[in-house]
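The structure appears right after this line, and notes come after that.
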């Protein structure tokens, strides 16, 4: 029983680690989509963030500089997206796709040019990464049964970036629902005319939303390569940006709900690796591909209105013209 | 600084709250406003009347900074102002209630009213103040709204109040209302007018844009009339009449002499009984309309646009499903339970020249020859083989272009590159080619030059004489009177009455268009 | 409001795309420069690699074949104003279609029956995989872009499961099917042309190239010569006018998506029936996404699509050559170029439009310009 308990805790622990990049990207997606801009470029921003974080950290030895550089790179990608779809009113999907492909190509090309390791970055030492932080009194708490284990395994011991992701959720909710900027942001994605007729610039609001999204994706990327992992490998984002987008939809474009969706998708991911090859009584072996496909399946079912009706921002995808 | 200025201007109380001098605005080749002069006296309700497309909305958008005028001057309270965007307009005390509300449906009343003037970077800071101000405004002007209600839960009348409150909360002393009653019930309209009277009593200047004569007569102090982008007259409301306004609005063109003989009618081909329709927002837009049209006659439908003509045409051509009543057309029935598709109706011989050729009548990016078969593309016109007979289509287009004098005579040219009149001729050529037994025509000559107008009218008369039952919807009163054998007047989705064309005059029709029923002469 | 004069047709169809293409290459050149290599040398290597070695043309045309199929898939949907990002998944499932027939009938039936069945089956499977998102868009309003993205991942999951499970070769550990019987293998161009006396260097160029050429013609006829194509274009250009014309808009959207998927599925004839002769993991290798760049560049016209496919075929083959000639730039350069092309020819397609239009207006009316 205690063993099962520990297994469960370890799974939850892994859930949190796997959900971290999803959470950050989902928050980024919420900002840009709430402003009315379709953001399939989460994937590309995540990937460029991951690469730049690992590359800069490898070159400077400082994960903090790496993190900053990742944020800059990801914001830069956001600005390209904005330039194409806000300034030039280009197709938001095409632009997002271009960014994903650019990120895919650039990370490998620059990686090879810099490190000559076939697109990987050099492995980072443990000082060069954001590692788990052991919380105060872990050893003391160990004496308390159950709670001690929970404290050690689940609450303590994550990297700073995981805690940042967890903080990002209430922060996003606060910005979105409690601030002037959030009010205008929600309005601009629903009805840009309402903002324009109130004398507020639609373009500048949307640019800011994309920049904020870029910051989150940059942090997510850094988490992948200099916290969760110890270097960058090709196509490291592996579709996480798209899963985050699915989480945004699943969470109906709301931070807290999207956070739960990320946890769910992270849990599926964590459980999959644990269930691989395991025979479950009565059910038999669960095909892991099926579990990994669940985020996509539920998103399709959701969009088609089979399980509830998603309510995307009303003006999403439509370039604003006076 | 600005406060003292406000005080002085308040003390002097400029005679004109707003003044425009020589304002012009073009969109590409369309001259929406031409050299507009306008003076609005402070503390009055000033009406601006004109038909759809006369340029009223453009003018108001210029006043509110949503568009920038190409030329001209603007004065607010006697001082020249430069309104570059809505923020400028709001700063000059101008507020606007748009025809299509600028409200976020998923927001609460409070959030909508706060948007743009939140009173701090955190919403918390301005919330209480806004609620208090809303209550104050509500008490003063009799507009009580629950600040926490969602816009999507409010009816249209309440939403409009929110728009007005939003403008007033922003400090507006000049309030522009663009077609505010278009979506209101008569009761809601009455309530709105009550609010406007209270506002006027409080010194607010109100600018009311509408195409409804009755409203102008009821509520305004002064009225300006627009037609085709120009200001064609200013009147004190007390010194004018609906008839005069109607004439100014519609314009007394040289009466086009439509040469026609007495109609040779035969069987009833179109029989409409108790037809009704609702808008997607749940308003009744077509209300118990009944009429009959025989082969060989033209029934004109007169009325200020937006009074039910469009949904009526849509039902007759299979593009909208009625909620009540039925239509017997060439032996087929159209009703809520037996809807017909546009294709089915076209196959039994119903032609349709739509009101807006850019939205429905043409695929602008298609070549003229492709447009010449739109809707008939799966019939013999596209050849009888598995592939479309492009040479045949071109030959057909060339013949039709010749016959209807479409210029330039280039079947390969995209429809977008033809002038309005020639585009319309393409649509007319297409719909007449199949010799329809019933033809539904909307605005046959809108945006068409004079030469083409006469031509189009002759074609319609020729079709009538060939035994076709024709329904013509037009906002051009002269056109309706010239073409029709009988005229039905619509107001607020209802049939106000049907009169014989040769036993009526603009006076009578004007009153009927304003919703005043006449002793039927027919 | 800035009213720009309209662009002449030749400038819109030829000059503007070329300017966008040039802009894409220019930025890529700058990146090569930043890496510390000479962009012209790199370009030279790529051109040589794509055309001048004995086997290079065959490789170029082999890649071209893929891009024709996926480009046509994107273009067909575009004509109905549907953005089909799912070409990748549809091609993958198309491979499954080919495999099912090849594995079932390949050993027992003659080639003349098996191969056509394989080809039809790949098209049918691809069509089905696109039809579902099409249906969900037309009837239930789900956004086609998101649904097709999700269907790419679903296709991937499904294929991994099949290739590592039911379809996996017995006694093997790699996720792939057994080699198809000879009857289910498309002949190589080398063999075909060798039969007629032409000597060709070894390359994966196979008969599917002709299927691609036929597909181009079919596409042209479908879109511009048939009533269905007429209705597809009408729906894409003006849905309201299409409704007015009695066209069943939902039906046309579903059909257009199915045809789009069929073209994507046909990509399997090249990779599965022509090259690998089995289904291997990720044989689509991103070609489905390249189809988007191809369609954008080719302006959804068969000639444009053919030229753009050729360009990308040459880029892919020439890009592979970069690996041998340089240490710091590799074939991923092609991915970068592709991204830039999608950015400039797609998202920023009309960035140069106003300035170009003004320039042309000034050149064609120099007098007015100097007066004004």
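Cβ from N, Cα, C; glycine included.
Automated prediction, rather than curation, is the source of TrEMBL annotations.
Of all ranges given (C:176-198, C:245-267), TrEMBL attaches the label transmembrane segment to C:245-267. Touching of the transmembrane segment (C:112-132) and the transmembrane segment (C:245-267) is concluded from the presence of at least three CB pairs under 8 A, sequence neighbours closer than 6 excluded. When Cβ distances are compared across the two stretches, the transmembrane segment (C:205-224) makes contact with the transmembrane segment (C:61-82), since 3 or more pairs at least 6 residues apart fall below 8 angstroms. Across C:144-164, C:245-267, C:279-296, C:303-320, C:332-352, the stretch most heavily in contact with the transmembrane segment (C:89-106), judged by Cβ pairs under 8 Å, is C:144-164. Counted over residue pairs 6 or more apart, the CB atoms of the transmembrane segment (C:144-164) and the transmembrane segment (C:279-296) come under 8 Å in at least three pairs, which marks the two as touching.
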